[in-house]
Amino acid sequence: MSDYIVVKCGGSMLDQLHDVFFDCIKKLQQKYKVVIVHGGGPEIDAKLKDCNINVEKKDGLRVTPKEVMDIVQMVLCGSTNKKLVMNLQKHNLRAVGCSGCDGKLLQVQPVSEEIGYVGEVRYVETALLKGLINMNYIPVIAPVGINDNEIYNINADTAAAGIAAALSAKELIFITDVDGVLHEGKLLKKTDEFEIVNLIEKGVITGGMIPKVQAALASLKMGVQKVSIVNGTKDFTEVTGECIGTTVTRGVSIA
């Protein structure tokens, strides 16, 4: 396990990031090497609507024919990425924005012809990330990747998980607008994949929290050791560098 931490910030959270979020990133930087991966779903949907293009999803993934990929690339690599980079720099954090196709950072395998230009991470060029970090920059990654010189859309959660796994990161942190998983009205601070599945089956975890914990479970399957779900509108870091929220680790199955 290394001293890298990957922070994944969904597109719906980008306009909700205030001083407290950037203060938390500064605190994390004191102990760890930080990489940020962002989404951009709401802005992509709005731009597609402006262009009279239907938003279509299949199994949670955006169906991405060529005309949609052009807009995804424009939003993720352009306005969304640069807005977050500028926000970090405004708070005196040195950041460099790049996409997964820059330097072949994220090399992908197409998911299926049916959903178009959508890929899954198969290789991460970690030397690029490490080089930026060694120059005291925070890499801010837009989740698009490359395959056979074509650009592909990547689900931001799986892009973050792929990067975290490739770096053998200490932790993957999902930034949300809730404190974490609640059980009987109390914050569930520590849990594992088996308990999460059990809580979903019992109906304890419902609604918008389900995709969040499913993303955490998928990350664990990709080799990430620890995933935390935190509230990015509050201080989510302890003095020790530990996260305040719900931390999910891999369970140990007993035969």
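Easy rule for this one: first residue shown is 1, then count along the chain.
Cβ atoms here come from the backbone N, Cα and C positions, even for glycine.
The substrate binding site feature in Swiss-Prot is assigned to G40, G41, R62, N153. The site 'Transition state stabilizer' annotation in Swiss-Prot covers K8, K212 and is backed by sequence analysis.
Rounded to a whole number, the distance between the Cα atoms of G41 (substrate binding site) and K212 (site 'Transition state stabilizer') is 15 Å. Taking every protein chain shown into account, G40, G41 are the binding-site residues, and of these the Cβ with the most other Cβ atoms within 10 Å belongs to G40. Between the CA atoms of R62 (substrate binding site) and K8 (site 'Transition state stabilizer') there is a gap of 18 Å, rounded to the nearest whole number. In this entry, G40, G41, R62, N153 make up the residues listed for substrate, with the farthest two CA atoms of the set 12 Å from each other.
With every protein chain in view, the residue among the recorded positions K8, R62, K212 whose Cβ has the most Cβ partners within 10 Å turns out to be K8. Spacing of K8 (site 'Transition state stabilizer') relative to G41 (substrate binding site) is 13 Å (Cα to Cα, whole number). Classification of G40 (substrate binding site) by DSSP places it in coil, neither helical nor stranded. The number of other CB atoms found within 10 A of the CB of N153 (substrate binding site), across every protein chain shown, is 27. R62 (substrate binding site) falls within a strand when secondary structure is assigned with DSSP.
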